[in-house]
Amino acid sequence: MANRRRPQVASVTGRRRSISDPLAAALLPPPNETPEQRENRLREEEDAKKRSDRIDKMIKESERERRRKKVIKVLLLGQSESGKSTTLKRECGFDDLDDVYSTEVASIVISSPISSHNRPVSASAAGPDYESYHRRLAPLMELELRLIQLLSDPEDNDTREATHLPPDALAYPPRGYGSTPPSSSAFGPSTSAPSRPAPRISIPPTAASSPTSPTSLSPTTELSVSTTSTWKRVLTLGNRSPKSEHTGELQGWWEDPHDPVHILYRCAPVMTELWRDKRVRARLGEKRIRLEESSGFYLDEIQRVTAKMYFPTDEDVLKARLKTNGVVEHSFSLPKNSEFGGVEWKIYDVGGSRPQRRAWEPYFDDVNAIIFLAPISAFDQVLAEDPSVNRLEDSMLLWQSVTSSKLLANVNIVLFLNKCDLLKRKLESGVRLSHHMPSYGDRLNDYETVSNYFRSKFIAQHHLCTPNKSRECFVHLTSVTDSRKTHLIINNVRDIILTGNLKSSQLI
Ligand SMILES: Nc1nc2c(ncn2[C@@H]2O[C@H](COP(=O)(O)OP(=O)(O)OP(=O)(O)O)[C@@H](O)[C@H]2O)c(=O)[nH]1
Ligand SMILES: [Mg+2]
């Protein structure tokens, strides 16, 4: 309608120009309007007003709904492999987790022992038997390449990244670091630490983008697939679903001769032989490679997970590993009839490796709570992305950065000292904490004493660093892969976060 009038406005120059308000001029009825034109115009104006009122009403309603609906934002933080994504799976249950489920299906394939088998048994150290393993398992290497191609997004270089660690990268102490134990700087002044650069782990971009960081250059063992890429679609059963019995077509992927399952099935006996080989175990021990802490769960289950008609169990899904790239948001609501029903949760799961940490800070702005995970079993391990840094030390320094952040001063913090099952097993197998952390001294090397020691150290750091001295820090000793125990802890954490947030917004 405005278009229709504009030329007429321009044409009645004398009268229109005398009106100083250009909007009023534009809205004046056209001159010489016939009664019929006037009737049409008025009808059109009335319709436009009704439409405008409807829009105003909708805007007001959605604003009211937004205010009524409480949204709680939780950020999962911690170094890579600390268990953030595993906690997210637990937090949300399996029912509504299509995304995470398909993530883990992928990861089961990816974290099959393809790379791991080769890593410890280097060709140079191999006797005739090792050479034979290498040859007989070669189809797995080809399969790995095929899977990478299948899962990666050709448009996105990051998702094509699947490379290999230098042979001793997982061992501690790393090459060039002698046999000296790590600096205990994260727990106070070190007595016998060799001089080496302080770990670069502060949250600001400088840490991750340090030009000397080996991360961007050194290849890693792990295949990471972008959570946004198309690979999930490739793996969904829908894509390769069993077809009709009556048409004589394939019943399922297991009947497709090109499906990876056949290579896995054929290689299963050799994989089992290799995994049980005492000399291989000894070599892994010498190299301090603890496959039992990562893909070991699947290596113990080779026969089951390589079966042609294998379906992952909940536990398989929970134990599967796929490195997170970027930040993944997951939303869900508690049932309306539950105590805090109607609250919408938004959980942000971040990638924890050093180059990924620069993506964290924008999420600090309006977050309500943080669950920080520190894997305390990792006291004798180094970061995959920087083998000069002890994992526990990195966790502690990261904890300091998070707890001292002014942006997060009023945010509830829950600390999960995670992987307690692995810590217990490690200590029981005779690994001594004081050997890796001299400041631990001659305290008892049992699980109770060690875990309490870590708990008190992390709490002390929080008290020391926090800009908000009245903030309470809730600490849990967790093994997030243990469904039964974690269920209780998660419920407890939900209540703590909800109560804290509702209190602070004065809703209770
Ligand atoms: N035994 C044991 N394994 C765990 C525990 N928590 C996590 N894991 C395993 O550790 C691996 C890494 O866990 P993720 O949840 O992928 O780690 P993340 O923190 O999300 O790592 P990024 O995505 O790289 O930041 C997975 O294979 C998990 O199954 C635990 O408490 N005990
Ligand atoms: Mg993750």
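Glycine residues also receive a Cβ, built from the backbone N, Cα and C atoms like all the rest.
Automated prediction, rather than curation, is the source of TrEMBL annotations.
Record features (TrEMBL):
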| type | residues | note |
| --- | --- | --- |
| BINDING | L318, K319, A320, R321, L322, K323, T324, N418, K419, C420, D421 | GTP binding site |
| BINDING | T324 | Mg(2+) binding site |
| COMPBIAS | 35-63 | compositional bias 'Basic and acidic residues' |
| COMPBIAS | 189-224 | compositional bias 'Low complexity' |
| REGION | 1-63 | region 'Disordered' |
| REGION | 156-224 | region 'Disordered' |
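In three-state terms derived from DSSP, T324 (GTP binding site) belongs to neither a helical nor a strand segment and is classed as coil. Comparing local CB density within 10 A for the binding-site residues L318, A320, L322, the maximum falls on A320. Taking all protein chains in view, 17 other C-beta atoms sit within 10 angstroms of the C-beta of D421 (GTP binding site). Comparing Cβ neighbour counts within 10 Å across the binding-site residues T324, K419, the minimum falls on T324.
According to DSSP, K419 (GTP binding site) sits in a coil region rather than a helix or strand.
Considering only the residues assigned to GTP binding, L318, K319, A320, R321, L322, K323, T324, N418, K419, C420, D421, the longest pairwise Cα distance works out to 23 Å. Not one of the binding-site residues L318, A320, K419 has a CB under 6 Å from ligand 2. L318 (GTP binding site) falls within a helix when secondary structure is assigned with DSSP.
Helix, strand and coil counts under DSSP for the compositional bias 'Basic and acidic residues' (35-63) come to 29 helix, 0 strand, 0 coil.
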